[in-house]
Amino acid sequence: MRLAVNIDHIATLRNARQETQPDPVTAARLAELSGASGIVCHLREDRRHIKDRDLELLRATVQTKLDLEMAMTKEMKAIAIKTKPDLVTLVPEKRQELTTEGGLDVITRKDDLIPYIDELQQHGIPTSLFIEPTPEAITVATEVGAAFVELHTGKYSLLKSPKEIEAELLRLQDAASLAKKFGLRVVAGHGLNYENTAEIKRIKEIEEVSIGHALIARATLMGMSEAVKEMIRLLQ
């Protein structure tokens, strides 16, 4: 299982003082040199962490895979087409939320997703949908032309009861198996950390996990390189 590192909170720390450091581009390079298979950044509409200039520099420097998380808006689509990330992940976005709170409602937005994804594909940009691990969402992801699904692990990460954890892992397993059956590539993310990620390894259909906050928090104490290497060891 591979590791993609979300570097949003390097930018959060930088922006807390409106300074130039720490630099998310440097952090991304260190993550790659330490074995990360990809870099994830979320260009939010309010630009609360990653800025447009960060995205431009990341596109110019990332050597593995650049995954741009973004809301499904005209502005973001234009930015994606101009920047040409290796992957676009469509996520829900609310200005008042601290972090993404759930999967994209692909069922009610199905008719909007089809032309949106098609235009990105016409420019050579594959699309991933950040979704809840349900058969209905996976079916729609197939129908609208997504190449990937990112299964939302937020509920799993919050559970405490072993019985509930096992039930959620089974739900993730069933979703991943169905997605794979439909020809989708499967990744997972949200709320994963150094304590709960090992269990996700059991789901063989998940080829990569996207981890941000927990890894960046660890990096503030022990450095980016060691934080990345430690997570990779857990995934192997």
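These residue numbers are counts, starting from 1, taken along the chain as shown.
The backbone N, Cα and C atoms fix where each Cβ goes, glycine too.
Swiss-Prot has this to say about the protein:
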{"type": "ACT_SITE", "residues": "H42", "note": "active site, proton acceptor"}
{"type": "ACT_SITE", "residues": "E69", "note": "active site, proton acceptor"}
{"type": "ACT_SITE", "residues": "H190", "note": "active site, proton donor"}
{"type": "BINDING", "residues": "N6, R17, G191, G212, H213", "note": "3-amino-2-oxopropyl phosphate binding site"}
{"type": "BINDING", "residues": "D8, H9, R44, H49, T99", "note": "1-deoxy-D-xylulose 5-phosphate binding site"}
{"type": "SITE", "residues": "E150", "note": "site 'Transition state stabilizer'"}
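DSSP assigns H42 (active site, proton acceptor) to a strand.
The Cβ of G191 (3-amino-2-oxopropyl phosphate binding site) lies under 8 Å from the Cβ of T153, G154, Y156, S157, L158, each of which sits 6+ residues away along the same chain. Put simply, E150 (site 'Transition state stabilizer') is 20 Å from H9 (1-deoxy-D-xylulose 5-phosphate binding site) when counted between their Cα atoms. Nearest to E69 (active site, proton acceptor) in space, judged by Cα atoms and limited to the recorded positions H42, R44, H49, H190, is H42.
According to DSSP, E150 (site 'Transition state stabilizer') sits within a strand segment. Ranking the recorded positions H9, R17, H49, H190, H213 by C-beta neighbours within 10 Å puts H190 at the top. In terms of Cα distance, the binding-site residues that sit within 10 Å of the residue listed as 'active site, proton donor' are G212, H213, chosen from D8, G212, H213. Closest in space to R17 (3-amino-2-oxopropyl phosphate binding site), of the recorded positions given as D8, H42, R44, H49, E150, is H49, taking the CA atom of each residue. According to DSSP, H9 (1-deoxy-D-xylulose 5-phosphate binding site) sits within a helical segment.
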